[in-house]
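Q: Input: one structure, supplied below.
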Amino acid sequence: MSRASLDKDPHAVASMFDGVARRYDLTNTVLSLGRDRSWRRATRKALELQPGEKVLDLAAGTAVSTVELAKSGAWCVAADFSVGMLAAGAGRPVPKVAGDATKLPFGDGVFDAVTISFGLRNVVDHTAGLREMARVTRPGGRLVVCEFSTPTVPVFATAYKEYLMRALPAVARAVSSNPEAYVYLAESIRAWPDQAALAEQIGDSGWSEVSWRNLTGGIVALHSARKPR
Ligand SMILES: C[S@@+](CC[C@H](N)C(=O)[O-])C[C@H]1O[C@@H](n2cnc3c(N)ncnc32)[C@H](O)[C@@H]1O
């Protein structure tokens, strides 16, 4: 599978994640230097979940993001189109559904909140994914997107770019079950819209009150929005 084909073919993306599933959680923690846990906690807090609310964690992978959300007492379902990733998280006690972000197997307005962590960048048509997330959210419901973004301090941005292009693939070769996938990761982060551009795309895809907050100097951004009433 060539990396370029990942841009166009959802099946290639799904099988790439099937290929990294076994060691996904470990690789994530190593590559993020352990920051992933605090990014997941920040996502849960930004969602302001109430016990009993229904929450969709889209592109949930091994459900590592979903179990963090479930600590709120909300009912959280993990959805992903990589059956390999869902299977690698089989031991995590949350409901799991196989489904494509652009054709979700849920009715209109059934969720109080939807969220997607480190997944939107991988959805081949990510604005279609944002529109589909709006469809399954009730009027007034919330969206939080947790995604890699653009560091805000220029000197830090340069060091980070070096890390992405040199160190990250090297570390991935040591720990991942599919190192090539992490070259794709580095390239996809560099190609992703910055904070303001993503906010505009979210606003154009069925969401209102769009705002964002940077985490770890903008390595990650949390975008929040509301479905219009
Ligand atoms: C980097 S993982 C993120 C997993 C998890 N949310 C986390 O925080 O670690 C990205 C996930 O997006 C999923 N994905 C990519 N495109 C998708 C799509 N169109 N529909 C559903 N899942 C998708 C992949 O299968 C993969 O499991």
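Backbone N, Cα and C atoms are what each Cβ position is placed from, and that goes for glycine too.
Annotations for this protein, taken from TrEMBL, read as follows:
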type: BINDING; residues: Thr62, Asp80, Asp100, Ala101, Ser117; note: S-adenosyl-L-methionine binding site
Q: Are there residues of the same chain, six or more positions away from Thr62 (S-adenosyl-L-methionine binding site), whose CB falls under 8 angstroms from its CB, and which are they?
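A: The answer is Ala21, Tyr24, Asp25, Met85, Leu86, Ala88, Gly89, Arg92.
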Q: Specify the secondary structure state of Thr62 (S-adenosyl-L-methionine binding site) as given by DSSP, simplified to three classes.
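A: In the DSSP reduction, Thr62 (S-adenosyl-L-methionine binding site) maps to coil.
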Q: Identify, in sequence order, the residues in the chain of Ala101 (S-adenosyl-L-methionine binding site) that are 6 or more apart from it along the sequence and have a CB within less than 8 Å of its CB; answer 'none' if there are none.
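A: Expected: Leu58, Ala59, Ala79, Phe81, Ile116, Gly119, Val123, Gly129, Glu132, Met133.
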Q: Could you state, as a whole number of Å, the largest distance between Cα atoms of any two of Thr62, Asp80, Asp100, Ala101, Ser117, the listed S-adenosyl-L-methionine binders?
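A: Maximum Cα-Cα distance: 16 Å.
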Q: DSSP secondary structure for Ala101 (S-adenosyl-L-methionine binding site), reduced to helix/strand/coil, please.
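A: Looking at the DSSP assignment, Ala101 (S-adenosyl-L-methionine binding site) belongs to neither helix nor strand, so coil.
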Q: Which of the listed binding-site residues (Asp80, Asp100) has the least company, meaning the fewest other Cβ atoms within 10 Å of its Cβ?
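A: Taking Asp80, Asp100 as the binding-site residues, the minimal 10 Å Cβ count falls on Asp100.
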Q: Would you mind checking how many other C-beta atoms are within 10 angstroms of the C-beta on Ser117 (S-adenosyl-L-methionine binding site)?
A: 26
